[in-house]
Amino acid sequence: MCLFQSTARRLLSQVHCGLKASSSKKLKFCLEMARPSSNMADFREVFAKAKHIAIITGAGVSAESGVPTFRGAGGFWRKWQAQELATPGAFARNPSRVWEFYHYRREVMLSKHPNPAHIAIAECEKRLSKQGRSVVVITQNIDELHRKAGTKHLLEIHGSLFKTRCTSCGNVAANYKSPICPALAGKGAPDPDTEDAAIPVEDLPLCEEDGCNGLLRPHVVWFGEALDPGVLTAVEKELDICDLCLVVGTSSVVYPAAMFAPQVSARGVPVAEFNMETTPATNRFRFHFPGPCGTTLPPALARHETEIIS
């Protein structure tokens, strides 16, 4: 919690900069700071000097790979939205329905591939590591497309579709089975007229640890659950040392991730937003590049002319 408390303090310290201005010159300065630049050449100069780059990604990156977001109008699976299924209560009441939903999502993801934005990030990480520079990806996505693209330094703050956690012993394990269990084969159709499969608990995914056999759940963070404190500690360390931050394909409205980039900006570190449109946090950042991430990000992260490749 200390991460978010310190973030809140930092944010509050800069929220009212315009109110403190005692002259038109100070007011003009604050208004100018509220207009982020879209000058790619200026961003590239900052990028060329950065030693520790943090890249925060959201659903907008995966949407370009054809991944359903289940957000906003029309974001339904059958007659439910994700927030009605991705909760501990929903799983307790009807684990079969929740597993059908996640089985559908897993099967969809097995047919999806990283897009140019994922690939640009992974290639940038690989290239800069040879120069003694670091790139970390802090993602809200659970689809593992960054991993598929080749990203190594990855912090998945909301978990993964391809990991399970036992509700009895707590064991977390990678799981890429398709289907994840025989009873879910052919199930999970999103059509609103599809009836629930009503699979008995004993036929749902079960723990394979010796002597356990407990019911497995997706290892993802559900609505109403706290993020893993170990992952948050790792995120805080990366944000504290980064000297450049990119916010890619995220609406900056889902907390606590929405606080990460403003926290970095509050200590004077350049932040660049790559998104289809502006967000509530845009005016706190130095740069904003509108458009599809798969189009704007590759040239932003390409090799700079000053880079020395050994």
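Glycine residues also receive a Cβ, built from the backbone N, Cα and C atoms like all the rest.
Annotated features in TrEMBL:
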- HIS158: active site, proton acceptor (ACT_SITE)
- CYS166, CYS169, CYS207, CYS212: Zn(2+) binding site (BINDING)
- 33-307: domain 'Deacetylase sirtuin-type' (DOMAIN)
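Known features from TrEMBL, placed on the structure.
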residue	record	CB count, 10 Å
HIS158	active site, proton acceptor	21
CYS166	Zn(2+) binding site	21
CYS169	Zn(2+) binding site	13
CYS207	Zn(2+) binding site	20
CYS212	Zn(2+) binding site	15
Cα proximity to HIS158 (active site, proton acceptor), best match among binding-site residues CYS166, CYS169, CYS212: CYS166
Zn(2+) site, defined by CYS166, CYS169, CYS207, CYS212: further same-chain residues with Cβ within 8 Å of the Cβ centre: THR167, SER168, GLY170, ASN171, LEU206, GLU208, GLU209, ASN213, GLY214, LEU216
Local confidence of the domain 'Deacetylase sirtuin-type' (33-307) - pLDDT mean: 95
